[in-house]
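Novice: Please see the structure below; I have some questions.
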Amino acid sequence: MWREALGLSKISAGFIAVLVGYSSSAVIILQAADAVGATSAQMSSWLWALGVGMGLTSIGLSLYYKNPVLTAWSTPGAALMVTSLTGLSIHEAVGAFLISSLLITLCGLAGWMDKLIRIMPQSVASAMLAGILLQFGLGLFQAMQTQLSLILLMLLVFIVLKPWAPRYIMLLTLVAGIGMSYQLDLLKLDKLELQFAAPVWIAPAFSIANVVGVALPLFVVTMASQNMPGVAALHGHGYRPPISPLITVTGLMGVLFAPFGGFAFNLSAITAAICMGKEADPNPASRYWAAVWGGVFYLITGLLGATVVGLFAAFPKELVLAIAGLALLGTIGNSLTAALADNDEHEVVVITFLVTASGVSVLGIGSAFWGLLLGFLMHYWHKHRALTTT
């Protein structure tokens, strides 16, 4: 068991998943905390709550279901809060977090997500996942505009060494990227300081403004833009854990950690996919250990708080874009293959894919939801038309 758990490919997949998650959106968390006037100790508490909450859920759920269930904070929710929290106190913000997490818990207990998944066409869900991940594939090559030599080296290492060391290719690529970044003087390590985070209790306060303006939008965005793609990622890789308990556990974790700044916990789609691919482990039954290691790194980031955020920020953004794009290549390809498997669904799939990839946001809800909704409606409209014409 422990030999299986300690595979370098699984450890590196877990680390890369956390690296991508924190590097791409940790700054948004700090901006949201700043919007409600959080002190440095309270900001550190937010990072502690999120890291520990994500770590416990990722480790616990992955070990229990033997599936790579990696959780995450709600990045769209954090972006929403940067603007919607303005004018509210930090206590009202925490009250909104608590209500949103209670709604997520209720959704899990009622089994609403399971019912939705049963009627959702797999082709549409796969197209949505491919659309979400497309930007990361494109980001790999867009990064060449600013750091050509770094990206070319990482791409060369990935292409040349993958046939000989497929299990360790992401670790080798990351090491090569870090080494090249050091040579190019791109690593910003001069301002790093070791600081341990500690929880700070923030009493919740409730008002109509924080329920309508923050709690409800945060709940909708988290369910539509995070949990639904997270389920699609699991199903797209052949994993079928019971969804309602996963939603319930993440909701309860939010209820528990909301008073410390844990604003929303949900299933991960983008970073979880890194733990679900062949690069994590050739054996799908063993890949859950990659998510467990992701949980371990979450715990470390939570306990070290701002120190780890600063460490991840020290890496050049081009390195993060490249490692994310390379890690997700297989998932993008598999999602497109699954989406296009049904010849009668091509138009539905293409529109779902394009709407999702567009990044459009309507009513504060991201493109993943609108792509899924449009694809769902088109699928059943075509099905209805086919029945009425026969």
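Glycine is no exception: its Cβ is also placed from the backbone N, Cα and C atoms.
Sequence annotations record features per position, and here TrEMBL assigns transmembrane segment to 12-33, 45-65, 119-138, 144-161, 196-222, 243-268, 288-312, 319-341, 353-377.
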Novice: For the transmembrane segment (353-377), which stretch among 45-65, 119-138, 288-312, 319-341 has the most Cβ pairs under 8 A?
Specialist: 119-138
Novice: Verify whether three or more Cβ pairs under 8 angstroms connect the transmembrane segment (319-341) with the transmembrane segment (119-138), leaving out any pair fewer than 6 apart in sequence.
Specialist: yes
Novice: Take the transmembrane segment (196-222) and find every residue of the same chain, 6 or more past its ends, with a Cβ under 8 Å from one of its Cβ atoms.
Specialist: 41-42, 44-45, 47-49, 51, 74, 76-77, 80-81, 84-85, 87-100, 103-104, 258-261, 263-264, 266, 302-307, 364-366
Novice: Are there at least 3 C-beta pairs under 8 angstroms linking the transmembrane segment (12-33) and the transmembrane segment (144-161), leaving out pairs fewer than 6 apart in sequence?
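Specialist: They do not touch: fewer than three Cβ pairs between the two stretches lie under 8 Å.
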Novice: Please identify the stretch among 45-65, 243-268, 288-312, 319-341 with the greatest number of Cβ pairs below 8 Å relative to the transmembrane segment (12-33).
Specialist: 288-312
Novice: Using a cut-off of under 8 Å between C-beta atoms, tell me which stretch among 243-268, 288-312, 319-341 contacts the transmembrane segment (45-65) the most.
Specialist: 288-312
